[in-house]
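Notes follow the structure.
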């Protein structure tokens, strides 16, 4: 009897510890209802930093780091732009409308997504500041009594104007409540508790993670499932390095019932906690490798944020909003032409559409680890508050996300996005004339950029996404990977113990710890509107040409051959170093004074191609990574490369499926999709936490301007810059 009471006590205590642990350290658990109170209290969930109002109340301007800043409650937020996200007040109204709708009465339900249903593109393009806003509507994805629904809620009339069930395979993005509650569900199983104790882990030291199962056609996948794997957090915050290898619990996400327990690692020890904790507070010593550095702006920042979401900087302006699935959405991107003074359109909308992270271990406890982080977990839902001075510099402005919990109650994800000006000593342009010309010319201009940043912590992995705007018209989209590896337990403590015929599926990083090989693919949705919506995609291919006999002392040269894509099939691009091309999005009806079509080009950086078999079930779901570039006709309903319902989907609603229609794309409203890829073979430097590795791609003007758009910017001179006293001279 005493043993049963002890087990009940341990179960209760473990559940509390797990809930607190994931709340504070791992998953972004939403605030309690007491903290929310519809955000009418002074709770920190209901405030935003760094905001002041302009003298004109119709035109509130936010100045970063203004000394008169005050904390503003989100209860006062109102929409000013057709693309502004739903406000706290609007989310509360959606909740009330949903509760009174017949479908939800006396039913068990959860709201998996509540976001603005954006107006039609033509209406947004037509809208001007001062015009009435188009009707405000909410797009709601809900599960009611086990069925997935897509709804439209009209905030003006209070009516549900669309009511559809899911037409495809798959389920909605998990709610935060799904993720946090399922981690303690295995503790309801006596078999699970017994297994954990037999593996040498006290239940009070247990930490568990919710792992999306993918789809492999198995019979039990006719219901919404999740796989739970657990770790020991004894003596370290970095429990990821202490896996209970081979123990996998299959749980019904709706009922929290334990469906199956697999334990195939009884002979694999739990790795030790030594040297795994990464927190500064627990290090025995530290190294100050460099002196502190900070950017100072004596005249203040050069950007403003009007009406909470309209960013204006240098020659750029764009709409910015946090999003629970994409993280951030950049819209109505326009640049001022220095020649004409005209504000010209570059892109209607850009966002992170989907991530695909397949691990390369086919064993029972690993084969299903093929994550789609945006569609399964919510890239924005996993965004943590940014750390001032470390995630973002001193001169940053912070923007909150306002989202809805599973019951519709709004909550605030504070400091989710930061905006700041960056100067890294880079050069905008330069030229020094050689002394042999007799001209004493030395001209150089500094490169200052504007960065929009968010960081998502999807359990162990951290993603940093930057949208960087340059004064020369270039937009750089950069992804950084950091955080903690997902590792595998092993009996080996040294590579000399491993049989040469045996595959570890990774690298031995420390005693009993293997870092498993995996890939990361991040697919971006880029609705380019270069000087208007009707654009064409042009492949400018460099090919070798030969001179005629006697024509030249040269035998060969390169020629640029332009091919305009007629249909989607023509625009499927696999990047190849030995077949170089430029990829232009042009407006064929707009030309420069010398006749070139105005355009932008996508400039790939370091990237990786997916090598999985096209018939492998994970690759069918992640088929949007089959090419690095796709171009499709604009379709408001086609924004998520893996489909609207990604969780356990079969791959029947992806970018690859849509492109099979092979529709015309010449001189049409088109969307460019670009996939940035990483192959990751872990190494010991990744242990216990990874230094950030980054890659990027550019959207660069090509014959968009008549000449260099930053020709007339002035150089820096001493009187423009503050003089800071050094602690000591070098």
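Just so you know, glycine gets a Cβ as well, placed from its N, Cα and C.
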According to TrEMBL, region 'Disordered' applies to one of these ranges: 48-82, 83-117. Which one is it?
48-82
Transmembrane segment per TrEMBL sits at which of 7-29, 122-144?
7-29
All chains considered, the count of other Cβ atoms within 10 Å of the Cβ of residue 373 (active site, proton acceptor) is 24
Averaging the pLDDT values of the domain 'Copper amine oxidase N2-terminal' (81-163) gives 96
CB neighbours within 10 A of residue 461 (active site, schiff-base intermediate with substrate), counting all protein chains shown, number 22
